[in-house]
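As recorded in TrEMBL, the features of this protein are as follows:
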DOMAIN    B:20-443  domain 'DUF112'
TRANSMEM  B:20-39  transmembrane segment
TRANSMEM  B:45-71  transmembrane segment
TRANSMEM  B:111-134  transmembrane segment
TRANSMEM  B:140-162  transmembrane segment
TRANSMEM  B:169-186  transmembrane segment
TRANSMEM  B:206-225  transmembrane segment
TRANSMEM  B:263-284  transmembrane segment
TRANSMEM  B:323-347  transmembrane segment
TRANSMEM  B:359-379  transmembrane segment
TRANSMEM  B:399-431  transmembrane segment
TRANSMEM  B:438-455  transmembrane segment
TRANSMEM  B:475-496  transmembrane segment
Amino acid sequence: MSDRILGGTGIVLSLFFIWQATLIEISPFSDVVGPSAFPIIIGVVLGLSSLYFLVKPDVGPEWPAPARLFEIVMAVAVMVLYAELLPVLGFIIATALASSYLTWRLGTRPLQSVLVGVLTSGGIYLVFRVILGLSLARGPFGF
Amino acid sequence: MEVLASLGDGFSVAFTLQNLMLAALGCFLGTIMGALPGLGPSNGVAILIPLAFTLGLPPTAALILLTSVYYGAMYGGRISSILLNIPGDEPALMTCLDGYPMAQKGRAGEALALSGVASFVGAFLATWGLVFIAPQLVKVALLFGPAEYFALFTLAFATLGGISSTNQAKAAFAAALGLGIAMIGVDGQTGVPRFTFGEVHLYDGIDFLVALVGLFALSEVLIFLEHRHGESEASAKKVEIGRITPSLSMLKYCTPTMLRTSVLGFVAGVLPGAGASLGSFISYSMEKRLVDREGTFGTGDPRGVAAPEAGNNAAAGGALVPMLALGVPGSGTTAVLLAVLLALNITPGPLLFTQNPDVVWGLIAALFIGNFMLLAMNIPMVGMFTRVLLVPPRILMPVVAMVSFVGIYGISGSSFDLLVMVLFGVLGWLLRKLDVPLVPIILGILLGNAMEANLRRAISISDGDWSVLVGSPLAIGLWVIAFVGFILPIIFGAALKRRMKLAASKEDEGELVD
């Protein structure tokens, strides 16, 4: 079933891709082939391969139970939040929060997770900012 | 001997204090990454590319660092195979067969040392092979026109799944997906934006480093999160290491095996679509058939440790031949190394040898140096590397995620890139669940624009005649190989994969079923 969904999605994607490729404006200085031809070829390959596993799907994978899936969605949400908040909070605070969360959800006890998170953040800051001089995001406190 | 003179120049490039330090650091980090289950050479190099890039290292120095990581990871993969019976990466799978039984007999130290020596022999001979074969391939490649290049790129995609691939439709799907992603951005030849949907961030296209780190490193974190209640804690059990120097007689006993499998592995590495996993597999099978008269393979025979290790390291060296000479990688890890070169604004291929000989030969010299360093590091320090296995993944994986973010943020300083990276992480997780290979996606993103440019150049030269794509014997030859390479796995792939799995699961009985 999973493969069928992948195949269906692939076909929709390929049709959308080909449609978008035909919409590319042609510049008057274009070469013989133009900017649309290769994307259309790619779209066709994408569509054909999707069609194959729509018709002949493999045995589907074992999807995680809802609780596990929720875990993954939450982790992704934390990563997105991290990306957004990094410039606002600065590197050390944002990283300590995010890695504490991930460590906790991977099975460390809460208090220990906070410790590991702070150490991870501080360690990365020490190695990459202080020793190697990489520019990391600066928050309101300058780190 | 023109080649040796070039190699000599290479050594003078590589022998600076900074480069030697970088090589040592790379070997050390690489061995650790290879040893950790779940972090293979591809992931290891992927995480470090953005870092080497943002640190502003000069091209040769960055290359030396990252190839040392690559070689180091190939060495490191065996440590967890031998001690825990968990392969650190896919090529190390075959090392479990005899390595773990040796460890159970209290000869873990000997197995580790022997596999270190075998890795060294394989990699050392393969690097010599690279020195002599790559320049010959360059001579052929200089005959290539745009049409041949287009055929060559197609060949790379067609054979990338390898002959152990099970579903070629999924490999084709992945390649098309990667190529499609490469199309995003302003068209290089006419200047019109494509697939940007008016989003200014997309005009430059999707940075392949962002995609690479997301697909490889972040998806790994998600996989770990999914299997949290797995066997992660089991790794803490203590294994007796025993003596860590192999006896001379044992080395002598294994020497013919190491030499044979080095050659075999190298050939497997050079050929498109084979790669290190197959190199170690056929090395082990061949040796078993040749020398296993008493049926000791699979019960802790030292030759069964030496064979796959020499084979897989030789294959890793062999895979560098097409990558450097043609600019077309034949395996996942070399695809990642191609990303390294492109990130440094170096385009591999025949012209690299004439235009940037210092980079090529400096790199090859670095491989030799890295090899000796790895041998020196691995024999006395192997006990230290084994301790790395005790770091629980629940602490390690968040560090991997955070270092990935640091690397990508360091390049552009934009949150947008981080969001794209997370998106690729989720995509990578989904596709891995669905058994869609990730390497063709990366290769598509890397090569898409060059592939299209060659197609358009070929057809512009012929004034719009598409038949130019099959207009020369060389091009036709490449198309034929591409076609055969794509079809072959459909016929043999499933059977071969089954045999590799079977060989791995049958280790208790020590029988390879033919």
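Cβ atoms are placed via backbone N, Cα and C, with glycine included.
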* To do: Go through the chain and flag residues at least 6 beyond the ends of the transmembrane segment (B:359-379) whose CB is under 8 A from any CB in it; none is fine as an answer.
  => 6-7, 9-11, 13-15, 19-20, 23-24, 26-28, 31, 59-60, 63-64, 67-68, 71-72, 75, 112-113, 116-117, 119-120, 123-124, 127, 130-131, 244-245, 317, 320, 324, 346, 352-353, 385
* Please give the sequence-distant neighbours of the transmembrane segment (B:20-39): residues at least 6 beyond its ends with Cβ less than 8 Å from one of its Cβ atoms. => 14, 48, 57, 61, 64-77, 79-80, 84, 86-89, 92, 220, 223-224, 235, 366, 369-370, 373-374, 377-378, 385-386, 388-389, 391, 393, 396, 400
* Structure fact -> Residues outside the transmembrane segment (B:169-186) whose C-beta sits under 8 Å from one of its C-beta atoms, at least 6 past its ends, are 157, 160-161, 192-196, 202-206, 211, 431, 434-449, 451-452
* Asked: Any residues 6+ beyond the ends of the transmembrane segment (B:111-134) with a Cβ under 8 Å from its own?
  -> 3, 7, 71, 74-75, 78-79, 82-83, 95, 98-99, 102-103, 241, 244-246, 250-251, 254, 258-259, 261-263, 265-266, 269-270, 300, 302, 305-307, 309-318, 320-321, 324-325, 353, 364, 367-368, 371-372, 374-375, 378-379, 382, 386
* Structure fact -> Near the transmembrane segment (B:438-455) in space but 6 or more residues beyond its ends, with Cβ under 8 Å, are 42, 146-147, 149-150, 153-154, 156-157, 160-161, 171-172, 174-183, 188-189, 205-206, 208, 211-212, 215-216, 219, 327-329, 331-332, 335-336, 338-339, 342, 347, 428, 431-432, 469
* Asked: Counting Cβ pairs under 8 Å that are 6 or more apart in sequence, does the total for the transmembrane segment (B:399-431) and the transmembrane segment (B:140-162) reach three or more?
  -> no
* Structure fact -> Ranked by Cβ pairs within a distance under 8 Å of the transmembrane segment (B:323-347), the first of B:45-71, B:140-162, B:206-225 is B:45-71
* Asked: What residues in the same chain, six or more past the boundaries of the transmembrane segment (B:140-162), come closer than 8 Å to it by Cβ-Cβ distance?
  -> 168, 171-172, 175, 272-275, 277-278, 325-326, 328-331, 335, 349-350, 437, 439-440, 443-444, 447, 450-451, 453-455, 457-458, 461, 468-472, 474-475, 478-479, 481-483, 485-486, 489, 493
* What mean pLDDT score does the domain 'DUF112' (B:20-443) have in the model? -> 82
